[in-house]
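*Asks:* Dropping the structure in here first, questions after.
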């Protein structure tokens, strides 16, 4: 065993690794030089609205379930058991609500950027606030996406960490600017299949190395890694059934309901029916991805037990464990380590490229196009340049991720909870509350962001080592200094659950729920104080008819009636062009949505 913990690739590993990356890049090049050759913003940003539900569902899953999930989830299960698996319970409501509320509403408004909705419902200032918040969120998250595969390569091959970060960012930036959304979606499909294959291969070989299925099960059971349902209602406990199954619903809604990277895929589908079906098909894909990741964590424990490679100092972080395990267990199977590392690396590229594409979209549609008139060719070129620019910006964010004292899984979910939560609250304020006005929306968003960063940054600083202890350690002339240190530490731990320490100890899984509820409460209060919006002033199609929909469930005979709120205003203007009335698609949505509601009620 290498004293540094590095297990280097064989020639076959490098060949397979290279072939998979070339295959991913080839898909991007194919769509760059075929079809419309990405010569229009419609094709580059939303694939000419021509995508089918199967590739969209795999792409929806891969966007936020790639490197972070492959590396973070097994490490979490190895260290703390299978309690994290209960986040799968949140997938039910987290996908049903977008399928029946968000997708039909956004699709019928013929949007390109989801933040166009905010101007239709409120005003241009709210739209700009939402767009800027999303850009900030995704730029930070891309730091995690770039840093994660680089950390993995550094752990298993000894490749320079920041050299890998630079290589990842540059390759992804070039790939995004060439292929457009079509290339991103179809590359996701290819990489998802490879990702599942690689994980399954590691699990099978790992079970064999642990002595067989029954032996592996006995080890993880005796090691206490099979977790029961923890119904502890304490919100400061990191992972319980409530934090994962309930708090996770808000996280899922912020990801699959109102996030531009995901909504952009819904809007690229051929019909509303296929957009909704793609959201349904994400559910089994996410459950399979979660199952494989949890099984990999259990297999790792069956092989290593309590002798963690981190404690043995073979690696420096638990987030490096998965790749170390792969290299350790598959070292006698030439090509499989290269396959797994390649799928991890390429899946990260796909995740990052999806974000770059969505960032370019909102910047062009929300910030540039409304203020500057330009030709289609120039707008397309500028969109590609924006993708390149965001690639360069996100490289700098990787260094900040390196400084965070947290796992990549918790870091990624914290980011989406702290920033995605307020955005979710903002959209819910507009969709479900017709009385909300623009002042309430801006004030509520600001309050939600302040709340999220207060608890998030406070919790981060609370987990950092205290500077008081080193100072006491240096005062060696005090006779009872060790007792003082012990007493001070015990007192600090006792007070952690009280006051601000208890607030800062809130589980990161509640960040999204806390911040989104703050937006709703503050937004409604300010709207009532400043004068609620009257029903006639609300743009048609921008508010979900909660009362009438509830009545349709209670009265099945009326569920097939088309509500007035679902009718599109003829000649309505879209922010980046004219919204054309599509009689066929409107007839389809009026016919399809009641059928879906009946299926759900059963």
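Cβ atoms here come from the backbone N, Cα and C positions, even for glycine.
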*Asks:* Looking at 240-258, 259-277, which stretch does TrEMBL describe as transmembrane segment?
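*Replies:* Matching range for transmembrane segment: 240-258.
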*Asks:* Counting only residues 6+ away from its ends, which parts of the chain sit with a Cβ under 8 Å from the transmembrane segment (508-529)?
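*Replies:* For the transmembrane segment (508-529), the far contacts come to 87, 235, 238-239, 243-244, 246-251, 253-254, 410, 413-414, 416-418, 420-422, 424-426, 428-429, 433, 435-437, 439-441, 443-445, 447-449, 451-452, 455-456, 459.
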*Asks:* I'm a bit unsure how to read this: which one of 128-147, 193-211, 240-258, 381-402 has the highest number of Cβ pairs shorter than 8 Å with the transmembrane segment (279-302)?
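*Replies:* Stretch with the highest Cβ contact count: 193-211.
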*Asks:* Is it the case that the transmembrane segment (128-147) and the transmembrane segment (381-402) have 3 or more CB pairs under 8 Å, with pairs at least 6 apart in sequence?
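*Replies:* They are in contact.
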*Asks:* Residues of the same chain, at least six outside the transmembrane segment (12-33), with any C-beta under 8 angstroms of its C-beta?
*Replies:* 171, 175, 178-180, 182-183, 186-187, 190-191, 194, 334-335, 337-339, 341-343, 345-346, 349-350
